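Following: one structure in structure tokens, then a few remarks.
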Amino acid sequence: MATGKINVSVDNIFPLIKKFLYSDHEIFLRELISNATDATLKLKHLTSIGEAKVEYGNPIIEIKVDKEGKKLHIIDQGLGMTEEEVKKYINEVAFSGAEEFLDKYKDAEKDAGIIGHFGLGFYSSFMVADKVEIITKSYKDEPAVHWSCDGSPEFSLKKGKKEERGTEIILHIAEDSTEFLEDNRISELLRKYNKFMPIPIKFGTRTETLPKPEDAKEDDPAPTQEVDNFVNNPNPAWTKQPTELEDKDYKEFYRELYPMQFEEPLFHIHLNVDYPFNLTGILYFPKLTNDLNIQKDRIQLYQNQVFVTDNVEGIVPEFLTMLRGVIDSPDIPLNVSRSYLQADGAVKKISSYITRKVADKLNSLFKNDREEFEKKWNDIKIVIEYGMLSEDKFFEKAEKFALYPTVDGNYYTFEELQEKVKANQTDKDEKLILLYASNQEEQHSYIEAAKAKGYEVLLLDSPIISHLMQKLETSKEKLSFARVDADHLDNLIKKEDTQISKLSDEEKEKLKTNLEEVIEDKKYTVQLESMDSDASPFIITEPEFMRRMKEMQQTGGGGMFGMGNMPEMYNLIVNTNHELVSEILNTKTAKKRERLINQSIDLARLSKGLLKGEELTNFIKRSYEMVK
Ligand code: ADP
Ligand code: MG
């Protein structure tokens with residue numbers, strides 16, 4: 001589709017409307033129902049202040065499909081228009097609105113996605129109709145008016161035949177838009193855009209089953225009756241005050257929003273503010289898995305109960321887009337591009353308000369029922385950790401409720417953790433070392449070794465945790481995280497008292513040569529350590545820094561060193577004080593020595609989960625030989 005300099009004049013406005021909004025034709029219905037709603041709410045206001053001396057009653061909006069006549073009717077019982085008003089609001093105002101729209105959005109195609117958010121208004125009906133009629137009668141005591149326009153700039157205006165107050169819009173659906181004569185399609189649109197609009201919307205009828213009369217026979221069919229089918233809930237939960245709602249109401253509303261979600265939300269946050277901007281809404285924390293990609297049901301954005309979009313990027317801080325629910329605000333400018341939206345002052349305020357409310361809610365949940373909060377931690381941590389990483393304000397607030405679980409099932413706040421471990425886990429340079437594991441099964445032997453020394457081991461396993469550790473290390477002084485298998489424990493937490501080695505320097509040299517002869521391809525870097533004689537003789541470790549960089553690279557954002565696919569790096573730590581190591585050193589026959597070394601290294605690999613495939617098979621064979 002070509003764009004270019006468009007000279008919007010009365011002559012070519014209709015073809016342009018059609019062309020510009022090609023992808024978003026369906027919004028015409030939302031626009032017309034919005035107008036019908038506005039007209040009804042205006043009448044309500046006028047009667048309430050005594051300006052309109054008519055009975056407001058219980059007005060509804062009705063949508064009718066006339067498939068044979070190829071017509072779609074939108075009928076309201078609102079304030080209607082007099083002839084003067086039709087001339088003014090339809091011929092002038094709506095027209096100039098459409099013109100302004102086209103002028104502004106000459107380049108709109110480049111910014112797909114915003115177009116549907118801008119109310120082109122009444123004239124959007126020409127996207128799907130080649131003739132539009134308005135039959136309207138004002139609440140004022142004036143005759144009805146019949147306006148009609150076939151898409152050319154000329155329109156006709158005559159006296160109309162309409163007795164009741166309100167407006168009926170008749171669309172003569174164009175040949176290329178007959179989809180809008182299908183009941184199913186209309187139902188779908190009503191569900192999408194009008195589910196929570198404030199005036200009841202009637203579309204057709206539905207069959208209701210009545211209770212069987214008492215004297216009915218066993219297999220008499222239950223009686224039925226046709227009743228009006230209303231498509232919307234005019235009073236959705238978010239428009240009510242939190243004090244009017246109970247927990248079950250929130251859960252019910254969640255099901256209304258996401259009928260296909262079977263899992264209940266963990267908790268909700270009711271948003272309600274009217275200064276310095278207007279915003280209401282309910283956010284839900286769903287159970288989240290570590291797979292960030294599964295995310296079908298998203299937060300929905302409404303303006304005065306009219307659905308706008310479920311793409312809230314730029315309005316809701318990114319870490320909260322994982323939540324579900326609705327926000328409704330008339331103050332979000334939608335007739336601008338996304339990038340502009342992010343720079344908009346009001347939107348920035350909205351975004352930080354939402355962040356603050358979420359932080360406050362989490363804090364109060366933590367304070368009021370810590371046990372329950374700990375139970376939910378696993379399901380919510382990803383949002384919190386992501387928020388701590390991406391929003392500094394949230395990072396500060398999260399200090400109070402972000403939890404650090406241990407492999408033993410304790411949950412500490414950072415402060416508590418610090419208090420708990422500082423005596424035992426501060427190294428000789430006054431640095432606090434926090435040990436962690438990412439997988440309790442795989443790192444079992446390393447965890448046990450750390451626990452034997454009285455160290456606390458955290459269990460940190462979310463996909464973005466390496467980024468968060470990085471952030472914590474830079475924002476707090478003298479703090480390091482180290483995974484239990486990153487090095488030998490005495491190196492992870494260096495204390496003053498170093499062990500004395502049983503081996504002389506020559507012996508060490510010889511041992512190193514022996515080992516390196518056997519290790520193929522220099523897969524492991526040999527590191528001799530004088531450890532307790534009952535600590536493991538051989539341990540394979542994976543240096544913290546390289547491993548963490550690699551992980552960060554995998555989850556994005558960590559590629560600051562421009563490293564391609566970083567290789568895995570492992571060290572082989574040899575405990576020179578262990579009996580087995582002395583034995584290897586003292587074994588004269590090369591063949592036997594080699595066997596001992598191979599067997600030992602394989603055992604170390606086994607406990608690190610690195611022994612697989614053919615090597616594992618060989619190891620098992622060799623072991624049977626040895627036990628014979
Ligand atoms: P907007 O709704 O943004 O004002 P529209 O193009 O949708 O722009 O409508 C133009 C005007 O036409 C409205 O402001 C209103 O005065 C009038 N109008 C449209 N539809 C109706 C209706 N169903 N009942 C009464 N007035 C209407
Ligand atoms: Mg409108």
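Using the three backbone atoms N, Cα and C, a Cβ is placed for every residue, glycine included.
Feature annotation from TrEMBL assigns ATP binding site to Glu31, Asn35, Asp76, Met81, Ser96, Gly97, Thr167, Arg338. The DSSP secondary structure for Asp76 (ATP binding site) is strand.
Taken from TrEMBL, the feature region 'Disordered' applies to 206-243. Residues 60, 187, 190-191, 194-200, 249-250, 252-253, 256, 270-272, 280-282, 305, 326, 328 of the same chain, all 6+ positions outside the region 'Disordered' (206-243), place their C-beta atoms under 8 angstroms from a C-beta of that stretch.
Positions annotated as compositional bias 'Polar residues' by TrEMBL: 226-242.
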With the Cβ under 6 Å from ligand 2 as the test, give me the qualifying entries from the binding-site residues Asn35, Asp76, Met81, Thr167.
Asn35
Chain-internal residues near Thr167 (ATP binding site), provided their CB is under 8 angstroms and they sit 6+ positions away:
Ala36, Ala39, Ile75, Asp76, Gly78, Gly80, Met81, Ile134, Ile135, Thr136, Lys137
So how many other Cβ atoms are close to Met81 (ATP binding site), meaning within 10 Å of its Cβ?
25
Tally every other Cβ atom lying within 10 Å of the Cβ atom of Asp76 (ATP binding site).
27
